[in-house]
Every structure is written in structure tokens, then in C-alpha cells.
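Below is one structure; the comments refer to it alone.
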Amino acid sequence: MKNLTALSLKTEQGELYVLDQTLLPQQQHWLSCQTVAQMVSMIKALQLRGAPAIGIGACLLLAYRATKGDSREQLLQDAEVLRAARPTAVNLMNNLDTMIAALQQTDFNAAAVACAEQLFAEDVALCQRMAEFGAALVQDGEQLLTHCNTGGLATAGVGTALGVINLAHQQGKNIRLWVDETRPLLQGGRLTAWECQQLGIPYQLICDNMAAMLMARGQVDRIFVGSDRIAANGDFANKVGTYSLAVLAQYHKVPFYVVAPHTTVDLACADGSAIPIEQRHSDEVRGVSGGFGTAIWAPEQAPVFNPAFDVTPASLVTGWVLDSGVYSQADIAKGALQQFV
Ligand SMILES: CSC[C@H]1O[C@H](OP(=O)(O)O)[C@H](O)[C@@H]1O
């Protein structure tokens, strides 16, 4: 395979490596990934995360296994094991379907490698197009807000929402960014803050419960978030806490945009109620550090509710920034997403 390098995935001498995002920002540690079991474990542990990156990583692993001589039957079985690794992010399912089609070819080894490389290259291009469409919405001097992590760590390219914000910054629009820490796993506090520092984006880290006050003070001009799955009617799933941001944005009349490649659209889901929401381990909520050094733990048996995602209704969305353009509520109501059948 070509030497594919992105912030979260790379190949060297035909070997696949994953940047362990659970160790960021303190450590940049690359993990060798040679088996399906390893890839599933890395996805479940969020060592590899972000809807687009997960889908591409899974296909890169299958391509790697194909270069190691695995049979078509084994690869097809492995694709189904990978499909179950993260139930909400539809990019994983869409990319695996593309890979499964490639594996039907006579020379499935070469077809698998070509497919993975094409998916990688496609996501790089999709990210750039989303960034261009989204950055055009940003006015000079605006204060922006984002949730979770949607940069290069979560995709093969510049990212989705953070790719938009970064391009607006690069265009000299003097933006400032509020970064939601994003409890419980702190993708914003750990990963978006780190990416902003790498990119030189002026940002301030906030607790999720501070966004309302900033909007009340008129200190948020526009919000960009990512997505793990967009339903046919424009409802979308994203990291938990997104829905509350959208409600606050409507109350405070702050424009609210979801940024995602068309590979995130799932027309099989008529609306948000059909999107499966992954429930995660209780310890993710029970443990919190809060700057006190060692983690503070809730009571041992504290019952916990820990949905990894929530669903934002289309009625709360100002615009959908996709790789083919920015769509309004009227566009979506007229069926704009049906083109992504
Ligand atoms: C462009 S990544 C989309 C999406 O993925 C993140 O979830 P996770 O950190 O659990 O992988 C988050 O929901 C992002 O918005």
C-alpha cells in the first residue's frame, strides 16, 4: 500500500499504524495494527475514532489482510465483525459495503488495496470541499463554537467542522473558537485543543455547561459540529451534548451547522429515531479528573446513563455543510439528501 499518512492512520513498509488517541495530547504513540481483533479493539476503545477515520481504518485493515493472503471468505467475515465495532457511525457501514463490492472482483487482493486507497483519497477531497463551502459562511472576526473533535484526527483529511474552522482561520478571518471539552471522554479538551495548537487556531477551552452563558452574552456567532449519521429528513446523530447546543443555539438565534461528507448520510434511516445510539461503559462517566490530579470517582455502584451520541432534529439546524454544498432546511425538506442514495 502507498505510504498513507494522516493524523490518525499511516502505513509504512506495508504495515498499518494507528495513532492512539486515548494517549493524546500527552503522548503521540503509534500502534501497529495487523489483525481484525486489534482494529475492533482500537475502535471500541476510541484509540481510533471519528466516523470517517473509523470507516477508512477498517478498510485499510482489510486491505492489509488481503496483502497478507487472507481468503475472500475470511475478508468478508472480517468485514461483518468490523461492522459491529461502532453502531452509530454510518461511514463504517458505507465504507465496508464499498470494500465488500471490491472483494467480489477476481483479483480481490489488488481490488481491496485500491479500494482502501481510493476511500482514503476520497475523504481527503471531501474534507477539503466541506471546508471551502463552510468557511465561506464565516464572517471576519466571528466567535465560533464547536463540540467534540472533528479535525484531522477524525478523518483522512482536514476534518469536517474543524476543517471548516481551520480554513476560515487560514483565510485570515480573525476567528476565535470556543472548544467544548465534551464530557465524558473529553475529545474537545484533549484532541480539538491539541489540533488547534498544531494549527495555530486561537481557541479557549470551556466546560460544556458554559456554552449557554457565552451565547447569552452574544459571544457565539456561529456553531459548527460534526456528525456520525444523518437521517433522510436531516435529523443527525453526533457526540452527546450536540442536541443541547442546538436547542441553546435556536433560543439565542445562533446559526447552527452540521458538517459531514455525503458518506455520513443514511437514507435507510427515515428520521433520527431510527439511528442506533451506542451506550458506553459506566466508568467513562463515573471518573473525572477536574484538575485534581488523580481521578475523582462517583460512588462505586453509581448507576450511570452513558449514551455516546444524541440526535438533533432537522428543525434546529440552520444548514447542512456537505461536500457538495450548503443545504438549507428548505433544501432538505425538498429532498436534497435523496441524491445520496
Ligand atoms: C468527523 S468525526 C464525527 C464524529 O465522531 C465523533 O465521535 P467519537 O469521538 O466518539 O468517534 C464525534 O461524534 C464527531 O462529531
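In case you wondered, yes, glycine gets a Cβ from its N, Cα and C as well.
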Figure out which of R86, R129, R280, R286 sits with R49, G50, A51, Q187, N238, K239 in the substrate site per TrEMBL.
R86
When a 10 Å sphere is centred on the Cβ of K239 (substrate binding site), how many other Cβ atoms does it contain?
25
Checking the recorded positions R86, D228, N238, which are within 10 Å of C148 (site 'Transition state stabilizer') at the Cα level?
N238
Can you tell me which of R86, C148, D228, our recorded positions, come within under 6 Å of ligand 1 at the Cβ?
C148, D228
If you measure A51 (substrate binding site) to D228 (active site, proton donor) at Cα, how many Å is it?
5
Between Q187 (substrate binding site) and D228 (active site, proton donor), how many Å separate their Cα atoms?
14
